[in-house]
Amino acid sequence: MRMPAVLPVLVAVLAALLAVTGDARAAASDWVENDHARVRLVAASESVGGETLHLGLEMELAKGWKTYWRSPGDAGYPPRLDWSGSENLDSTRRHWPVPHRFQLFGLQTFGYKDRVILPVTATVADPGEPVTVNAAVDYLVCADTCIPHTAELSLTLPPGEGAPSDHAHAIDRFRARVPGLGAGTGMDVTAAKLSGTRETPELTVAVAAQPPLESPDAVVEGLETVEFGPPDVSMAEGGERAVLRLPAKRVEKGAELAGKQVTLTVFDGDRGLEREVTLERGEVPVAAGGAGGSGSGAASSGSGPGGGATAGEWLAMLGLALAGGLILNLMPCVLPVLSLKVLSVVGQGGRAPGAVRASFLASAAGIVVSFWVLAAAAGALKAAGMAVGWGIQFQQPLFLVAMVVIVTLFAANLAGFFEIRLPGAVTQRADAAARKEGHLGHFLTGAFATLLATPCSAPFLGTAVAFALSRGWLEIGAIFTALGVGLALPYLAVAAVPGAATRMPRPGRWMLRVKQVLAVALAATGVWLLTVLAAQAGTAAAVAVGGAMVLATALLWARPHVPGAWRRAVPVAVLALAVAAFAAPRAVETRQAAQPAETGAWQPLDRERIDALVDQGQTVFVDVTAEWCITCQVNKVNVIKADAVQARLGADSVTRMRGDWTSRSDRIADYLADNGRYGIPFNAVYGPNAPDGIVLPELLTRSAVLDAIEKAGRG
């Protein structure tokens with residue numbers, strides 16, 4: 001008799017799962033395979049989204065076979081792509097991840113083995129129309145022999161919001177391996193000098209790095225008369241500094257290198273740095289690279305965990321992290337967290353001081369351990385070459401759906417619509433544990449508070465996070481620990497003085513009313529999360545998720561009033577609705593109409609255009625924001641939209657630019673990294689008197705914005 005009641009629920013779950021997985025191949029062409037390799041086109045989004053598309057040429061190579069980098073070395077040629085025949089595609093630009101150096105019979109070549117994605121940035125002619133990408137690929141693969149291959153690849157993307165595809169993270173990993181200008185790589189070329197004679201020149205390159213170098217290499221491009229060989233590497237300070245000496249292995253008679261401009265690429269594992277260098281003769285001082293000696297001549301001791309930071313600077317960063325975590329308790333994101341904190345305090349009324357202390361210490365432990373988890377995740381993503389930042393999990397629609405589901409269940413539980421009932425034996429043990437003050441619930445409260453606090457920033461927090469994420473595992477762990485301790489300080493304060501909580505009235509019927517109020521607060525948090533989801537995946541997806549949660553809440557409320565057979569089906573139905581909620585963003589995404597990146601007086605963020613406008617005498621105000629960033633919304637309402645600020649921003653001499661980081665954007669992430677930031681809000685003012693920009697504090701004030709505009713502008 002139970003099967004007919006459960007069968008529709010199982011069908012609903014199966015349909016939802018099919019909806020989740022149905023579009024897995026939508027953002028990729030078919031593989032074109034041979035005995036040595038296979039290639040295909042992949043896209044980082046499932047639809048067009050805007051004027052810029054992030055694509056990739058994915059190549060998988062058989063064991064022992066390789067293909068070539070843009071400068072192949074002594075033999076070979078790089079993959080060639082012909083985009084003619086593409087539709088609604090204006091232009092393309094290919095990028096080259098750092099290569100491997102291969103040596104065979106004295107020949108030096110550069111390329112890739114196993115698997116590589118060559119990222120491609122494409123410009124769309126009309127974002128409101130479908131894009132068809134056709135690529136004719138000519139590539140060479142080599143082992144003991146070399147064999148050329150060709151492939152015809154085609155990929156079509158419909159118009160839409162541009163939600164991330166299944167290939168987005170893989171493309172991001174290889175984009176992160178493209179040598180840039182050093183932002184986010186932790187590497188810097190501190191000196192590059194020529195030495196030796198005309199007949200036997202040598203290029204000496206000094207590199208500083210954090211995290212430390214492991215096996216650095218370098219290649220020089222742009223010379224026809226001289227070819228440099230593999231470097232002789234000397235490292236010091238545990239790999240934080242190195243000197244690479246590249247001897248010339250081929251020199252044409254009469255070649256003069258001084259004054260020549262070359263492209264110097266330094267790479268270490270999966271990270272790389274590319275610089276345009278004008279060759280000059282001279283000696284590289286020991287302090288520049290720290291090589292050739294004990295390393296004591298370096299510009300800084302580098303002995304502390306900060307890697308190049310002095311002990312004082314390192315302690316200052318820990319202090320900033322502690323203060324940032326503490327101030328986070330006062331930021332707007334404390335509203336959903338406050339309900340959990342208040343409920344914890346309310347539940348302590350009349351209890352023994354020792355029990356109160358233990359429960360608040362458990363909550364503090366939940367916060368600190370959660371920050372350790374965040375630190376481990378950030379370090380792992382950074383090691384994998386992916387973009388990291390504070391609060392970036394809120395850029396993922398499925399994470400938002402998970403948060404909506406969790407918050408809905410919390411709210412329904414506080415409202416008394418349901419409670420988890422365990423089997424009798426388990427209940428008896430749980431009651432015994434409760435009498436002995438088991439505190440898993442308090443620990444999880446601290447963990448949930450941390451999760452809901454991450455979309456907020458606070459004074460000092462951005463500086464501390466940027467310091468940590470630009471360095472290694474130890475620094476990330478230490479800074480995130482300090483942030484966690486700062487956020488947990490109110491809990492630790494109550495644990496130190498438990499009498500503050502024991503003076504609360506004893507639990508009674510009045511607590512039911514408090515729980516109902518807190519349930520409304522959490523429900524409001526769920527509504528806010530749905531508005532963020534609407535900005536990412538579209539209104540239809542947010543309405544679908546919200547509708548599923550309203551229906552789930554209604555079922556939980558009605559459960560005590562329905563017959564026994566139907567009552568047992570309610571948990572399964574709620575589970576099915578949760579699965580359907582996860583399916584909603586993907587199921588409706590491709591039906592969303594493309595939206596313009598910016599409207600009104602705001603222009604989309606464009607770093608090159610900032611320089612051009614400043615050269616013309618303009619002042620540029622930059623606002624990097626996101627719908628999930630509560631501090632950003634507070635800045636917008638209280639400062640940016642204030643009459644005095646709006647009047648100044650509306651002047652003819654001021655241009656406004658906005659970067660919307662609600663969804664993942666490599667362009668915005670690169671801009672933040674260039675400014676040493678890994679989170680938002682971020683605001684800066686550029687002008688003739690401040691071409692490099694005046695960076696504003698995370699929490700804006702009207703006077704700070706107006707003063708920066710005045711200082712950056714002319715006169």
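Even glycines carry a Cβ here, placed using N, Cα and C.
Feature annotation from TrEMBL assigns domain 'Thiol:disulfide interchange protein DsbD N-terminal' to 45-156. The domain 'Cytochrome C biogenesis protein transmembrane' annotation in TrEMBL covers 315-531. Annotation comment: TrEMBL describes 284-305 as region 'Disordered'. Residues or ranges marked as signal peptide by TrEMBL: 1-26. The transmembrane segment feature in TrEMBL is assigned to 314-338, 358-378, 398-422, 443-470, 476-497, 517-535, 541-558.
Between the transmembrane segment (358-378) and the stretches 398-422, 476-497, 517-535, 541-558, it is 476-497 that has the most C-beta pairs under 8 angstroms. Counting Cβ pairs under 8 Å that are 6 or more residues apart, the transmembrane segment (517-535) and the transmembrane segment (476-497) reach fewer than 3 and are not in contact. Within the chain, the transmembrane segment (398-422) has long-range Cβ neighbours (under 8 A, six or more residues past its boundaries) at 336, 343, 430, 448, 451-452, 512, 515-516, 518-520, 522-523, 525-526, 529-530, 532-533, 536, 545-546, 549, 552-553, 556-557, 559, 578, 581-582, 584-585, 628.
On the 0 to 100 pLDDT scale, the domain 'Thiol:disulfide interchange protein DsbD N-terminal' (45-156) averages 92 in this prediction.
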